[in-house]
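Peer 1: Got these off TrEMBL a minute ago, pasting:
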REGION    1-31  region 'Disordered'
COMPBIAS  1-18  compositional bias 'Low complexity'
REGION    47-82  region 'Disordered'
COMPBIAS  55-72  compositional bias 'Low complexity'
DOMAIN    84-194  domain 'Thiamine pyrophosphate enzyme N-terminal TPP-binding'
DOMAIN    275-407  domain 'Thiamine pyrophosphate enzyme central'
DOMAIN    470-625  domain 'Thiamine pyrophosphate enzyme TPP-binding'
């Protein structure tokens, strides 16, 4: 086994997130106790000496009507002057307020790129792979709440967008993907670089278009952005044949949208009688719990007000982290397969489950029959397809969670509910569970526990960074140990679980929030899948910090091998089998090849200084943190299991 995985003597245990600063009258506590030399009491702001400061979050709301954008004059062409279809397309993007795109050129999209060079409003951030481009567009959308835009050529360029489109659909992310296509006369002839991308992506987009008339471009672009951002957000694809891009026309910008069916199906404002029924059920309950998801990201203020009025504890899905502050005393943090014991306990024992902006995903529910089996369920979601799909609610409201919460809060305020609802006994019961089963981890000698690295990052950034991740163990630890304060701080591939997401998503976040601290917490397996995007980060000089938790393995698969396959390694070692004592590949050399400062840290005594240096260094930086591969993400409810099956102990150092 690699030297870095060598196990030291008896472990010590650390509980998150309690830190005790060393006393001045005693010798400093050793790092192995995993207590940070930073006070948890942040009454006085600390000087962090970080090269970027987080910009003030902009409030965003769910869009249920056509996006309103200014229509400034565009001096490149007179109003009645003919221009190429590609120029019409670019001007249509400008009219939707687009300022940044992630576009990789090719033969079938060359005209679009030529038109982009004639735009003085749109900047192209050139990815080094189309998958990097679509993931960056997702990161832009997730971090800003605005639609992200990516552009690719036909054939392999278009098919390289597939994972990102599927990811955006599952996680309800508004993106508009534009692809070049072979000329109309060649469609269906197996022409060079031809793929029927509309057919390929039909089931993984909210809607898609094949443009067959240059005069349709203004309407189609307007519809695409409206579809991507209204109702339940999602990806829309526009496929533009090359001859349409080259065709000369005079655009008509006043053509109305043609979406009568879609508009008729958009949810109406919540019925006040339904909201009053929800308030009545809450007042009758003894053990209510909130189960909030990604659908609440635009409703954070309303959610916080609702919790203030009712005192109901909040459990969040992976996608919902940040909608309610993780550090709040009423937060139960994340629920589900790798959620906290107390969050899953609360759902299991509750008599009222308030499911807001969620879809009862299998990674949350486990065994459906056992999930919240004692509770009446109230489900509020904007997508009618989600109501009753996996779990039948007692009361459902199909509509915008923001509007529903505003209505519920208004009812509660009018009734003076703040003093009437008393769930203190329930909260005390849950606080006992928090004390009994805190998030914790062990340390072995000088090895760096990956959870500790995330705790240190949380402290040094005061919980203010925008965090992106790949997929795997590091993703779950980042969800557990970083204390998110706001929506859109947490960018991760939830439903699809797409490895390689973290680095390009951080690019998109940095473009959308140029003054923010953006950190990609990544694993070595995920990182290397889109490592080429280091070139984009360097060329664009984006201040993206990469904290690589490098265990030389596919950690989550290794955990399942340890637990359920007698630790039989089936192609999950990512190092060099002929030299296991050496870190392979050398991630620092990838950074060096792209002119990005980088360092490696192997001892926990050196970790705080190493992370601080990463944050202090202007521009991009890669920190390779070597961690043991035996660590397991805990708690864990096995797939298809129930709360009674929760695992809270053990790692890869013992047999099962």
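Indices start at 1 and increase along the chain as displayed.
Each Cβ is built from the backbone N, Cα and C atoms, and glycine gets one as well.
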Peer 1: Looking only at the domain 'Thiamine pyrophosphate enzyme N-terminal TPP-binding' (84-194), how are its residues distributed among DSSP helix, strand and coil?
Peer 2: 53 helix, 19 strand, 39 coil
Peer 1: When the pLDDT values for the domain 'Thiamine pyrophosphate enzyme central' (275-407) are averaged, what is the result?
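Peer 2: Mean per-residue confidence for the domain 'Thiamine pyrophosphate enzyme central' (275-407): 97 out of 100.
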Peer 1: Which residue counts does DSSP give the domain 'Thiamine pyrophosphate enzyme central' (275-407) for helix, strand and coil?
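Peer 2: Looking at the domain 'Thiamine pyrophosphate enzyme central' (275-407) with DSSP, the answer is 50 helix, 27 strand, 56 coil.
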